Amino acid sequence: TVDVTACAPGLAIPAPPLPTCRTFARPRTCGLGGPYGPVDPSPVLKQRCCRELAAVPSRCRCAALGFMMDGVDAPLQDFRGCTREMQRIYAVSRLTRAAECNLPTIPGGGCHLSNSPR
């Protein structure tokens, strides 16, 4: 049987995981503008990202952010001056904090690279 509460895409995490958050995180990390997204993403984009993240069970949010950034269908791209790792660190370590979406995750703190899938 399949555990539908498992922290995996298509189960407790939507598939594809958090597409708006991925779009939001790139310019927040890179500030690239142009074809890569706005230098300062709109508040609407942030609200959509936070709604997507809020819909994921709190215990699965770190995993969802990890799956989002390491997507199989469309992995992150390196940009000049903004590596995939920089984007990943921003998303995993900052999107759940008060300054962004202000959402609880695991007991004892926010997300860290060590508790997200790779």
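Glycine too: its Cβ is placed from the backbone N, Cα and C atoms.
So that you can see what the record holds, here are the features copied from Swiss-Prot:
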type	residues	note
DISULFID	C7-C60	disulfide bond
DISULFID	C21-C49	disulfide bond
DISULFID	C30-C82	disulfide bond
DISULFID	C50-C101	disulfide bond
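Annotated features, which come from Swiss-Prot, shown on the structure.
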residue : record         : CB count, 10 Å
C7      : disulfide bond : 19
C21     : disulfide bond : 27
C30     : disulfide bond : 19
C49     : disulfide bond : 25
C50     : disulfide bond : 19
C60     : disulfide bond : 20
C82     : disulfide bond : 19
C101    : disulfide bond : 20
* Structure fact -> Cα nearest C49 (disulfide bond) among disulfide-bonded residues (C7, C30, C101) -> C101
* Cα distance, C7 (disulfide bond) to C101 (disulfide bond), nearest Å? -> 20
* Please report the DSSP secondary structure of C101 (disulfide bond), reduced to three states. => coil
* Asked: Looking at the disulfide-bonded residues C7, C21, C30, C60, C82, which has the shortest Cα distance to C50 (disulfide bond)?
  -> C21
* Measuring CA to CA, name the entry from the disulfide-bonded residues C21, C30, C82 that ends up nearest C7 (disulfide bond). => C21
* Structure fact -> By a three-class reduction of DSSP, C60 (disulfide bond) is assigned helix
